[in-house]
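Asks: Let me give you the structure first, and then I'll get to my questions.
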Amino acid sequence: MSDTINKATQPISTTHEETDPQNRDQRKNFNYLSLRKTHIRHKGEKPFIFSYLSGLKRHMKTHTGEKPFSCKECDKSFSFLPDLKAHMRTHTGEKPFSCKECDKSFSYLSALKTHIRIHTGEKPFPCTKCKKTFNQTSSLKSHMRTHTNEKPFSCKHCDKCFRSVFSVKTHMRTHTGDKPFSCIECGKSFCFNSFLKTHMRTHTGEKPFCCKECDKCFRHVSHLKAHMRTHTGEKPFSCEECDTRFRFLSGLKSHTRNYTGEKILPFSCKQCDKCFRHVSDLKAHMITHTGKKLFSCTKCKK
């Protein structure tokens, strides 16, 4: 046994097969036979399936669950030291990987590579069910749940479930009241960026959703969909007490009050204690406070 070890550690000066003319110009010298044996594995020999024993040992941690490297700032642990070092950037705020196309920086190289696809337009991850493609695997996985209808992420505060962790985090703002998106024109804040974008149209006057049947345009796609019912005649809201159907939910709610006798007056005047069933009634009432006359004669201006 000792002879074997001595042979393996015996200093030598050797190269690839000297007789092989292809190797004569690529000769490498090794001081120990063990190093030479390791080096020649680039020919394809993999005694551990991995090129090196260290690679096998690292891989085995994925099966054993061993995570010897712990973060001192939080309770997370990692199987590999480089992963811990990368994680520490979430605490230090270090973002060493910068995009050359814009001013964004990232804590992880993988995040930068994913971001670069926004500029290149590359979407290498296709859906096998439809023709959609995505720039990252997480987006593809989330999309696949639209086909399976899987919603594995649930809210701890209510019974709603979601397809992605991001959707849960976004939804949580409805419980926490967090409104991180603010309007630079009027100061209003919103839970979702999409709400802010829609709100901004009240300042810009933009109405990007246009009806193909007439010349009307709308700020919200939901308003366009509701408007389209005036052309299609669709009345999706039906009364449970009679056969009457309505194009809009507001119409159904007003109608059901005839049966319940409920007097809902959701629109209240801020100047006095009067309340009104319809917003149009409130606007008409406000004239008594402002003195403003909304309707004038085009002939005599009275």
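Including glycine, each Cβ sits where the backbone N, Cα and C put it.
Those TrEMBL annotations? Automatic predictions, nothing curated.
So TrEMBL has the following annotated:
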COMPBIAS  1-14  compositional bias 'Polar residues'
COMPBIAS  15-27  compositional bias 'Basic and acidic residues'
DOMAIN    50-68  domain 'C2H2-type'
DOMAIN    69-96  domain 'C2H2-type'
DOMAIN    97-124  domain 'C2H2-type'
DOMAIN    125-152  domain 'C2H2-type'
DOMAIN    153-180  domain 'C2H2-type'
DOMAIN    181-208  domain 'C2H2-type'
DOMAIN    209-236  domain 'C2H2-type'
DOMAIN    237-264  domain 'C2H2-type'
DOMAIN    267-294  domain 'C2H2-type'
REGION    1-27  region 'Disordered'
Asks: For the domain 'C2H2-type' (69-96), DSSP counts of helix, strand and coil?
Replies: 11 helix, 4 strand, 13 coil
Asks: Sequence-remote contacts (6 or more beyond its ends) of the domain 'C2H2-type' (267-294), Cβ cut-off under 8 Å?
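Replies: Sequence-distant neighbours of the domain 'C2H2-type' (267-294): 254.
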Asks: Any idea what the model's mean pLDDT is for the domain 'C2H2-type' (267-294)?
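Replies: A mean pLDDT of 76 is what the model gives the domain 'C2H2-type' (267-294).
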Asks: At a C-beta cut-off of under 8 Å, are there same-chain residues at least 6 beyond the domain 'C2H2-type' (181-208) that contact it? List them, or none.
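Replies: Residues 170, 173-174, 217-220 contact the domain 'C2H2-type' (181-208) from elsewhere in the chain.
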Asks: Using Cβ atoms and a strict cutoff of less than 8 Å, what residues sit near the domain 'C2H2-type' (125-152) while being 6 or more residues removed from its termini?
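Replies: Counting only partners 6 or more residues beyond its ends, the domain 'C2H2-type' (125-152) has Cβ contacts under 8 Å with 114, 117-118, 161-164, 166.
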